[in-house]
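Here is what TrEMBL records for this protein:
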type: DOMAIN; residues: 31-91; note: domain 'HTH tetR-type'
type: DNA_BIND; residues: 54-73; note: DNA-binding region
Amino acid sequence: MGPESEKLVKINDKSKEHLTTGSRHGAGQDPLKRAQILAGAQEVFFNKSFEAASMSDIARQAGVSKGTLYVYFADKDALFEAICYEYRREMFSELAAILDNGPHCKEQLIEFGMQISQRFLAESAVSAQRIVIGIRDRNPDVTSGFYQSGPKHMLQKIAAYLDHLVEMKELEIPDTQMAAFQLVDLYLAGLYRPRLFGVLSEEDVFQRIEHNVKSAVEFFYRGYAPINA
C-alpha cells in the first residue's frame, strides 16, 4: 500500500493520546475502537474491493465482534463514508496549511502542487475514488458528500489563495474560481486518468510528479501574467 494508505493507522495513534487508564465510553463512543474498526475496514475495502467486502470480513480484520461493529456503523456505506471523512480531514488540513503559511508566490504553488498530487495519486486515494465512482448510482448522497467536503472545499481554498495573488498584482486572473479548477487539472495532467484506470502504478506516477507540477505552474503563470508586466 502507498504512503497515504497509513492515514487511519496514524489516527489510531492519535486516538490513544486521548485515552487514560480506566476511561469509560458509552456504546459506540470509544474513539480508539472506532479508529480500529475504520483501519480494518480500509484494509478490507482496498484489498478485497468494496462490493466483495462483507461486514463479517471487516469485523474479522478489525478484531471485533459483528455486534460491536454494528454498534458503531450500520453498514458498509457508513463505514466508507467515515473512512473518507477521516482521510479528507487529515489531508485537506495539511494542504490548507501550505497555502496559509509562507509567502504568496510561484514556489509556494509548486510546493502545494507537489503535495496535492502525491496525495491524490497515492494508492489509497485512488482506491477510494474508484469505490466512490462504483457506488454513485446506488448511493449518490455518499458520492456528493465526498465531493462537497473534499475537492470542492479545496478548490475554494485555492481560489482564495489566487485572490491574494491578484491583489498583490502577481497575477491577473478574471475568474479565480475557474482558475482554481485549471490549476489542479494542470497539476494532474497526464497522470490522473492513467492512474485511475490502472495504467500507471503509484511508483511510476510519483516519479513524474515534480516535472508535471513545475511545468503546470510555469504554464499557469504565463497564462495569467499581468498584461503590463
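Note that Cβ sites are derived from N, Cα and C of the backbone, with glycine treated the same way.
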Long-range neighbours of the DNA-binding region (54-73), counting only residues six or more past its ends (CB under 8 A): 27-28, 33-34, 36-37, 39-41, 43-44, 48, 79, 82
Secondary structure content, the DNA-binding region (54-73) (per DSSP, counts of residues): 15 helix, 0 strand, 5 coil
Within the predicted model, mean pLDDT of the DNA-binding region (54-73): 95
